[in-house]
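Visitor: The feature compositional bias 'Polar residues' is assigned by TrEMBL to 1-16. Per TrEMBL, compositional bias 'Low complexity' is recorded for 17-126. Residues annotated as disulfide bond in TrEMBL: Cys822-Cys871, Cys833-Cys887, Cys837-Cys889. Annotation comment: TrEMBL describes 221-404 as domain 'VWFD'. The domain 'VWFC' annotation in TrEMBL covers 551-620, 658-725. TrEMBL lists 799-895 with the feature domain 'CTCK'. What TrEMBL lists as region 'Disordered' is 1-126.
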Amino acid sequence: TGSTTIQQTTSPMSTSPGTVTTSEVTKTTSTPKTTTSGPTPSTSTSTTPVTETPTRETITTRTPSPPTGSHTTPVSTTTSGPSSLETTPTSTASVPSVSTSSVPVTTSGTTPTETFTTTSGTTSSSFNISTATTTTTTFQTVSPGSASTSGPTATSTAVTTTGSESWWLCNCTKAICIEDNIVQVIPIICNPPPKPTCTNGLSPVPVIDEDGCCWHWECDCYCTGWGDPHYMTFDGLYYSYQGNCTYVLVEEINKTVDNFGVYIDNYHCSAQDVVSCPRTLIVRHETQEVRLTTAKPNTLQVEVTVNNQLVALPYKKFGVSIYESGINRVVEIPELKMNVTYNGLSFSIRMPYSLFGNNTQGQCGTCNNNTADDCMLPNGKIAANCETMADHWQVVDPSKPQCSPGLIPTSSPSTTPTEPCKESSICKLLLGSVFKPCHEFVKPEKYYAACVFDSCVLPNLDLECSSLQIYAATCADQGVCIDWRSHTNGVCSHECPPGKEYRACGPTKEITCKSSQQNETSTKQVEGCFCPNGTMLYDSGVDVCVKTCGCVGVDMIPREFGEKFTVDCQDCICLEGEHGIICEPHVCAEQNKVTCDGEGFYEVTEVNPKDSCCPLVTCKCNTSFCTAKAPKCALGFEVHSYIPSGQCCPVYQCVPKGVCVHQNAEFLPNSSVFVDKCQSCFCTTEVNVSTQLNIISCKPVPCNTYCKPGFEIKPVKGECCGRCVQTKCIIHAANSAELILSPGEFKNDPTNNCTIYSCVDVHNQLISSTSEITCPAFNEESCKPGTISFLPNGCCKTCAPVDSRTPCSVRHRKDFIVYNGCRSVDRVDMTECEGTCGTFSLYSAEANSMDHSCSCCRETRTTEKYVQLKCPGGHAISHKYIYVENCSCQDTECNYPRSRELQQREENDKASSLNRIKRAISLTSK
């Protein structure tokens, strides 16, 4: 429990204020560096040697640098000896950069706490640490710019640790246990990081690191849209898009916030549906959906709803704050450090890079300070241009059934005017002296291009004002306020309601009677309608300007304290205090009683022009009190009424309406009237004198009478015109020939007799089939010259053989059997006799004529077989056919061929002879 002495030693050297010249750890990144020495903070380091002795403690301290760039001089101390400074050997760490004096300090083991103070620029911090050990340390810190180590003293109780443990003593000061009770205290010194260039052209913002010590620059995610419409992505990529659906402006790629997103509902704002404008901006966060809707097209009138309920501003609930800021409606989510503004013509979305960097998708692109991936599609691919990309971010909107996510997007209209035009002179203001103060902060070229496009495509809507308005708003966001509307010759003027005046540079949140005592630290300005000088807004929810903060009642008229007035038939007084306005009922004078006679008349109370709170009783007419009821008129007639002078109740009569009537329905003149399917009727303007109704004129519906080959017109039940129905098979033969066959008909192919087509009607379905005839083997070389011919089927050839004779035998073949239009399902094995037999013709001298001997190859034994045939009607029949079992040569009568003329002559001769015999017999009988 002995005491420890700490000696603070530095080398004599003068330094200027704010220069760090001692042992330190310089933080230029998120990783702490090693102990270094040098005249200025740098990323290059050199280790300071330390001579050690037993029982010593070396402590190096450092403080952080805030965004102002100031620095704190660190202190190096060493410990020595168990009891006193004079009798104990010491260990010294040399720091050759700050001129100070050595300060020996004796510490005892009875001090229980430590107080440590750091100073950096204009900020300081202090804290106490309680420990349970018995060794204490006392040292001093050096203020920036001082040549000596004078100042407040801090007492520290040493913490007994082993190994290389580390812990935070206070903000931005870390203690590391080296060994043998040696503790190194490392305050973090921050070098100002280099200022980056943001691709969106805006200034970067300083952001404190996660450790709370140092800071770095970030480019905020800032997306805008305006006009018809034009977009500037988070990274500053400009494009125009004319879709008229609802789209995703921004959503998270990796969801970290429940139900979060910003969406836009566009509509066609031109008569030609060429371009579109924003109509509704939708912000979703957890359980709430905020809709900022343009109440009137191309105006700054905006309605605000939350979960489809209209709300009054300001609104604050469940982490979402909505308020008016100049001409804008602002949706702010403090938890996400983001805000969305909308004024009916333009919108802007600002989100911190620290929370949303590299994690956004939608029409606003990916926030990563790189425009290369701003045109990213929902599937992660990069589109060739953002106009194509924008189509793919549709969302389901029940109010727009013509929009369907997932369909192939239609090509967007060109953003370049088809015909050259002279841009509006208003657009030139962007490049001129009016906006020149902002040019170095926000480049105007893209806004100028959008302005020119709007003035050319929609010259009558003054949409070019939106380009100037959003550019001025972006400039104001960067701290440059431009009063530009007065230079537009009234084209872009902004009218304020009575009691308000326009200002181009007003506060983002106007001071009210309720908030006048609050300190408003925001330096940003917005344009809008504000209370005139000498007045202030009564309250953020009461849009009334007052000279003195008295009372404002339901009539929205400001009252001074002690003022008496009458409102809503109450006598009121404005009192200073919690309740404000105190009222009591208004008392009226007595009136003479009025009685009303006559059917339909009744007493009514009217406003008294002399005293609106005291009504007058008069007589009024109410036809509902009348006993006469309106008659029910027939179809084609309507009730007309008139009230005779001096009476209340009307007189009714039915008069023609000038319409046609058919089947309990009325039809206006020149409208179609459905009488039946076979007539085309319409209502004429001619009136039937007897019925007083308009006449219906009809004519038959023309019917088609032509059908292509194979089809016939057949009547259709319930229809006035028949339909062409196929009644024959249409067969496409070889060489593009078309054959038309009736059911049950067969026909050979025009170019091939071996192919037979047939048509069958099965259950009212026409089925065509093709049959091929298989011919027996045929060799022309075995034929006698001139004997080659076709068989009766016209397909197979035959001839008289030269040498060998084909013996008479049974020949088998497979073919379909057709009978009375019915046909076998499959080919049937059929037999026939074929071959040559002995046949000759020779001269007989005895008979003095030719003798003939004929022998024919005929069946000698047959059997009967049955086969099932399918018929066109769909039924089947059993058919019997003859099957040849055996064949042989059999004698037959030989007849010589005679010409047809000879046969006719012989028949005529026989007839003449017969007639002569008949006449002879008849004469003999006489």
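Heads up, residue numbers simply count up from 1 along the chain you see.
Using N, Cα and C of the backbone, Cβ positions are placed for all residues, glycine too.
The structure displayed is predicted, hence computed values, not measured ones.
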Visitor: Give the residue from the disulfide-bonded residues Cys822, Cys833, Cys837, Cys887, Cys889 that has the most other Cβ atoms within 10 Å of its Cβ, counting over every protein chain displayed.
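Guide: Sorting the candidates by Cβ neighbours within 10 Å, the top entry is Cys887.
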Visitor: Quick one: of the disulfide-bonded residues Cys822, Cys837, Cys871, which has its CA closest to the CA of Cys887 (disulfide bond)?
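Guide: Considering only the listed disulfide-bonded residues, the nearest one is Cys837.
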Visitor: Do you know offhand how many angstrom separate Cys822 (disulfide bond) and Cys833 (disulfide bond) by C-alpha?
Guide: 26
Visitor: Round to a whole number and give the Cα-to-Cα distance in Å for the pair Cys833 (disulfide bond) and Cys871 (disulfide bond).
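Guide: Between the alpha carbons of Cys833 (disulfide bond) and Cys871 (disulfide bond) there are 30 Å.
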Visitor: Counting by DSSP, what is the helix, strand and coil composition of the domain 'VWFC' (658-725)?
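Guide: Once the DSSP states are binned, the domain 'VWFC' (658-725) shows 0 helix, 29 strand, 39 coil.
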Visitor: Write out how many residues of the domain 'VWFC' (551-620) are helix, how many strand and how many coil, based on DSSP.
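Guide: Each residue of the domain 'VWFC' (551-620) counted once, the result is 0 helix, 29 strand, 41 coil.
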Visitor: What's the CA-CA gap between Cys837 (disulfide bond) and Cys871 (disulfide bond) in angstrom, rounded?
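Guide: If we compare the Cα positions of Cys837 (disulfide bond) and Cys871 (disulfide bond), the gap is 40 Å.
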Visitor: With every protein chain in view, how many other Cβ atoms are within 10 Å of the Cβ of Cys871 (disulfide bond)?
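Guide: Within a 10 Å radius of the Cβ of Cys871 (disulfide bond) lie 18 other Cβ atoms.
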Visitor: Whole-number Å only: compute the distance from the Cα of Cys889 (disulfide bond) to the Cα of Cys871 (disulfide bond).
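Guide: Counting only the Cα atoms, the answer is 38 Å.
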